[in-house]
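A.B. asks: Structure incoming, see below.
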């Protein structure tokens with residue numbers, strides 16, 4: 001007999017994200033008693049194929065970034081349709097919202113409106129059943145804690161400095177548990193601060209908590225990270241590896257198919273881009289590169305995958321935008337070997353789970369990710385465990401909006417106890433073991 005968890009109330013409001021911009025928060029009430037609350041994140045470097053985040057455009061309020069229209073869409077359009085539905089029917093509810101919107105990219109109601117409701121429904125159902133969210137979504141086999149892909153140095157759109165590439169991250173692949181992994185990252189982060197200070201650099205942080213110093217080149221961040229790993233007492237590559245998100249779509253000129261490294265003063269062809277990455281991978285303990293070429297450069301992606309696809313993880317973010325149509329094309333063409341999962345790129349929990357399942361069936365890894373504009377919401381921590389993804393990207397250990405996710409993962413690991421699994425290098429299950 002199916003439990004009846006009737007949705008009895010839905011309420012959206014405008015709140016602030018970690019950058020001081022408005023975002024949508026939604027509360028869904030089940031059986032007049034159990035509440036699920038979710039807040040929606042927002043990106044800075046967004047893929048052109050992403051679902052649309054609805055903003056008011058009224059320059060007199062929050063410089064046009066208000067979300068009152070999205071809030072109104074939840075309260076006046078979505079709420080009347082889903083009140084009375086069973087919160088356990090997640091797929092049906094998500095499908096109904098997609099149909100209510102009626103556009104390819106959720107531009108009518110806004111992906112921020114739809115996602116807020118989608119996640120709040122799942123949380124309300126989990127609370128009503130007395131289950132943690134990861135177990136409600138993932139079932140009895142949800143037990144894999146993720147390897148953090150921790151952003152500790154910023155350039156590009158996430159910082160005001162001389163580095164063209166956007167994110168330099170560390171991955172504690174040699175840890176034995178998530179709590180140990182987190183400690184290794186935090187220690188390296190603190191040692192990196194000292195390394196940067198010793199070189200005369202400032203140690204202010206960017207949107208995602210990583211340092212954003214005015215470094216001299218695109219390679220210097222790698223040098224200082226290796227030094228910090230060693231100073232923390234770890235072996236680069238064995239204990240802690242490096243991951244990159246250069247966000248090259250921001251450097252790409254579609255007209256001539258070239259990449260403009262403005263801060264470095266260099267222009268590279270797609271062939272030179274592949275060569276650039278191959279050389280860096282040979283020189284540094286890099287285990288993952290995200291968006292190594294631009295989202296529309298399918299030819300460049302093919303070349304990059306042929307050159308490095310067996311050696312390291314090649315993650316498609318702007319390339320796939322958590323979208324099954326884009327991912328299906330990538331799988332067919334044999335490009336990349338991993339997908340970045342951002343809930344707000346697609347706009348519902350159901351479509352997110354479909355993208356993860358499609359990736360896994362094709363032998364692609366999935367990396368669950370935050371956005372640069374975050375809140376205290378910790379849904380992605382539960383999601384990454386629910387789907388046994390094995391990797392999470394959610395910033396540095398230095399801002400509450402990022403640390404909230406790590407702290408939730410510590411709680412989940414503690415709750416799982418002896419059944420918790422920390423995959424380490426096995427998170428890269430599709431790579432040829434060195």
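Placement of Cβ uses the backbone N, Cα and C atoms for every residue, glycine included.
Reproduced below are the annotations present in Swiss-Prot:
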BINDING   166, 342, 371, 372, 393  (2R)-2-phosphoglycerate binding site
ACT_SITE  208  active site, proton donor
BINDING   245, 290, 317  Mg(2+) binding site
ACT_SITE  342  active site, proton acceptor
A.B. asks: Name, in the order they occur in the sequence, the residues of the same chain whose CB lies under 8 A from the CB of residue 342 ((2R)-2-phosphoglycerate binding site) and which sit 6 or more residues away.
C.D. replies: 41, 43, 317, 321, 322, 369, 370, 371
A.B. asks: If one measures from the C-alpha of residue 290 (Mg(2+) binding site) to the C-alpha of residue 166 ((2R)-2-phosphoglycerate binding site), what distance in angstrom results, rounded to a whole number?
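C.D. replies: So the Cα of residue 166 ((2R)-2-phosphoglycerate binding site) lies 10 Å away from that of residue 290 (Mg(2+) binding site).
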A.B. asks: Sort out the sequence-distant neighbours of residue 245 (Mg(2+) binding site) for me: same chain, 6+ apart, CB within less than 8 Å of its CB, listed by position.
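C.D. replies: The list for residue 245 (Mg(2+) binding site) reads 151, 165, 166, 167, 169, 289, 290, 291, 315, 317, 393, given in order along the sequence.
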A.B. asks: Express the distance between the Cα positions of residue 372 ((2R)-2-phosphoglycerate binding site) and the residue listed as 'active site, proton donor' as a whole number of Å.
C.D. replies: 6
A.B. asks: Rounding to the nearest whole angstrom, report the longest C-alpha distance spanning 166, 342, 371, 372, 393, listed for (2R)-2-phosphoglycerate.
C.D. replies: 17
A.B. asks: Run through the Cβ atoms and count how many others sit within 10 Å of the one on residue 166 ((2R)-2-phosphoglycerate binding site).
C.D. replies: 28
